[in-house]
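Over in TrEMBL, the protein carries these features:
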DOMAIN    525-706  domain 'STAS'
TRANSMEM  82-106  transmembrane segment
TRANSMEM  112-129  transmembrane segment
TRANSMEM  136-154  transmembrane segment
TRANSMEM  174-193  transmembrane segment
TRANSMEM  200-222  transmembrane segment
TRANSMEM  228-247  transmembrane segment
TRANSMEM  259-276  transmembrane segment
TRANSMEM  288-307  transmembrane segment
TRANSMEM  343-363  transmembrane segment
TRANSMEM  412-432  transmembrane segment
TRANSMEM  470-494  transmembrane segment
């Protein structure tokens, strides 16, 4: 095999103070908040630009940032890309028409409003979005969340909520007003987050949380579509346990199932599922995926029209689709107040899903997307779309996959898909009027396969990372039972709790030297280790803050002993010895004083000034005085993984260090971050007891320093799987020349 590579480094032994004295640092100027604000805003005085930042280059960059389509339009390869974008645009447009109609049912709106959602947001995103491949429009999870708001304010059974502006409107018009208003508010929230540069907020939605949430959403969607598949009249419900009540209402009237709807749905689902599997298996050989949903929809439309399903079999069909677009509508301010709580999670979920899909395609096709600009793009898309009565827009995974897999290169494909939707809206929408709603329900259910199959992640998470598994399961169950908005909040809370739990109770370890090296590993994991007598190395693997400082102090006690208890015992022993010396009775059995009236004195450093001799606490004391034995003379704290300390942790750490120092244990802190050292100095951490000389550059530096002060004892030193003479020769070389040998 290949021989081991070796290197030898000879250098002085460094404490932090020695290293700082020998190597001059560059003093960097840290920018304040005021400096950052100045960078974003140009100061003006008497109408004259002071910073003179309004030059041509800055204006050009601002235009490219706000209108990203300019960037890729300048490099558009007409001959190579145009045909691919046309094919992709037509394919995506047909799917967008079908999904727009289907997802409108999820939003509890008349089907044709889904066509508006597949048109207006796409046009706006073309100009403002940074992704070249996602297909903007209705997303089933968002549509369901909109539907929950709609059915809460305008229920199927009973009067609507008392809102100014509902007077004189039909039930459908009231629902459209609610959907448009909540979408407008969602857009305002997304736009505001984009302008405030808080696109990072999606980082708090982990993949595990999103997976559990979307799986629960898929179950909600499945249940909501059962009424169309079975041909039943079931009122839309929202709120906690709504899924249970919906299932109850379905099963109560299961005998009223429309057999024609059920057979049609099963047939559609089976055919679409099989062809989709063929598309997946042979995607490398197929020039474009078979648009089976579109084909089956056309066939279902023709059959329904030919056999008059609506009249003969009482099948519920799409019905009249108005020609053209409706006039713009202002949002209702009263609805804003009623729906603000639901609008915020919708804004977050819509952006998080779209950004995660966009990120996948940007990595695959090697271009950059901007999270903040995406927020601005979706915010503007939803605001303008809502004005024209569309509902919440994001991206559907299946539709985006069609746009990318059929060869789409840029958002020209998205623009063409919007034109296809426009043609349907303006000219040929009437052809879809005989389409059974059960067909749309079947298409929606088949497209849930990807989200429902995420449940397979649970066994893997349970084996690999149980806290993540808890996040997945709790998020999924809470979203199913409490509703998507409350479920997302519960999931986020559980996720943050797991982060706190991991930081508050990390896996601390005691390290040992790997024999013959300067490498230190967990003593439980390796056979050939070296542990000098009286030296303990304690590794802290997380930030130290108010919530875990007591945990670390407890772990330190487990490593060796309780220093405060030992200190108190020693001071009580000294108090007893002084009394006996005064009486001249320092012989014979003496009971230890239990007087603890002044505990503060017992916590102070041991004072030998009026004693004729120094007390050796590890030897046998006179008069049968018992004090716990301390076998540790040096403790090394490995701070290499400590990224920050807060003020509470500073106080707790200093108290712990003083307790150890007062029982004559030398404490060394190694590999401490420069930022933490600066903070310690600025917070007046050091004093006569806790000194900066305890900080060393590396763990091995501290170990060599300890071995210099406390030479190795062959009888008591613990070496596993090694010869002491060989080790002593190795360590003497390191000790004499401070050489690291690998």
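Easy rule for this one: first residue shown is 1, then count along the chain.
Note that Cβ sites are derived from N, Cα and C of the backbone, with glycine treated the same way.
Predicted automatically and left uncurated, TrEMBL annotations should be read as such.
A Cβ distance under 8 Å defines the sequence-distant neighbours of the transmembrane segment (200-222), meaning residues of its chain 6+ beyond its ends; these are 106, 140-141, 144, 193, 243, 348-349, 351-353, 355-356, 371, 444-445, 448, 451-452, 454-455, 457, 461, 468, 471-480, 484, 487-488, 491-492, 495-496.
Contact check: the transmembrane segment (112-129) against the transmembrane segment (412-432) gives at least three Cβ pairs closer than 8 Å, residues 6 or more apart, which meets the contact criterion. Looking at which of 82-106, 259-276, 288-307, 412-432, 470-494 has the most CB pairs under 8 Å to the transmembrane segment (343-363), the answer is the stretch 470-494. Outside the transmembrane segment (259-276), and at least 6 residues removed from its termini, the chain residues within Cβ reach (under 8 Å) are 228-231, 290, 292-293, 296, 300, 309, 313-316, 436, 438-439, 441-443, 445-446, 449.
In the predicted model, residues of the domain 'STAS' (525-706) average a pLDDT of 84.
The recorded stretches the transmembrane segment (470-494) and the transmembrane segment (228-247) share 3+ CB pairs below 8 A when only pairs 6 or more apart in sequence are counted, and are therefore in contact. Non-local neighbours of the transmembrane segment (228-247) in the same chain are 105, 108, 147-152, 155-157, 219-220, 253-254, 256-258, 260-262, 265, 314-316, 437-438, 440-442, 445, 480-483, 486; each lies 6+ residues outside the stretch with a CB under 8 Å from one of its CB atoms.
Using a Cβ-Cβ cut-off under 8 Å and counting only residues 6 or more beyond its ends in the same chain, the transmembrane segment (174-193) has close neighbours at 107-110, 113, 146, 149-150, 153-154, 160, 165-166, 199, 201, 329, 331-332, 335-336, 339-340, 342-344, 346-347, 350-351, 375-376, 378-387, 389-393.
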